[in-house]
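K.L.:
Pulled these features from TrEMBL for this protein:
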COMPBIAS  82-106  compositional bias 'Basic and acidic residues'
COMPBIAS  152-161  compositional bias 'Basic and acidic residues'
DOMAIN    6-76  domain 'J'
REGION    82-117  region 'Disordered'
REGION    138-167  region 'Disordered'
Amino acid sequence: MEGFVDHYIVLGLPSGEEALKLTDKEIAKAYKLKALDLHPDKRPDDPHAHDKFQRLKTSYEVLKDEKARKLFDDLLRIQREKQHKKSQVDSKRRKMMSDLEQRERSAFSPHPAARAYDEEERIARKLKEEIERIRARHAKKKSGFETPESGVDEKRKEDRSGTGASVQLDKDRMLKVSWEKIGEGYTAGRLRQVFSEFGEVEDVVIRSTKKKCSALIVMATKDGAVAATRTLCGDLSNPLLVVPLQKAAQNDFLTAKKSAEAEPRSDIVGAGLQAYEDAVMQRLRKAAMDQKNRGVKPNDQE
């Protein structure tokens, strides 16, 4: 209400329902105390002192008059009731809004059965991915050094399984390569690069142990396999021991150095073959160091 003044508050008295219990003496006493404090003579530096004192006198005149005080008390009662009703309406409105929001959330939230179905789909999808990963891992394990046909196209595999002659031909194109496990060693790419000087390389399969490394080289032609055995291959610091997988005619294989590359013996097997290869490897390394000291490259040998 515009211009509303609570006369009880002006006199420094409690308002509301407590004001109904105040006596005329208590109102007069409160007026005297306030008048002493707000009298213009006590506030010479306050330009609004006179207006404040007049407002105090007006509030006192209203409250000391029985009829005027009753009307003012009724006005305060109506205001209190109006404020109470407004509070109730606001409380109901807040509850209605809260209930509406709750219903909206319930309406748009997925059904428990739907949530369970989505969770089942998610788990089933992840399980399928794990199964595919396990199968791929086992497939990699199976594609090790077991068969020389890995990496060769299906048509050549069929040719190998057709007749004994074709199998014999494939073995004539295969080389067993050994080297010591020192330094950087050899990768499949490095081996392919080394043997590509003698012809097309179809496949390279590497097998590694704690002390030695070996690989199976599949050349595209028999001539390429024969040519690869005529030269000291690889780095001088770690030369490659190259022997044919299938023993060929003795006149097809010329050694790079007779003391370094001797014809492999077919009657050596098991641990004896391992010792034989180690001895040949030592001679190869010695021959490589001799060539290095003389400044001769491995590919320069005939």
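Positions of Cβ are set from backbone N, Cα and C atoms, glycine also.
Since we're looking at a predicted model, the values are computed, not measured.
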K.L.:
Could you pull the average pLDDT for the domain 'J' (6-76)?
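P.N.:
Mean pLDDT, the domain 'J' (6-76): 92.
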K.L.:
For the domain 'J' (6-76), jot down how many residues DSSP puts in helix, in strand and in coil.
P.N.:
55 helix, 0 strand, 16 coil
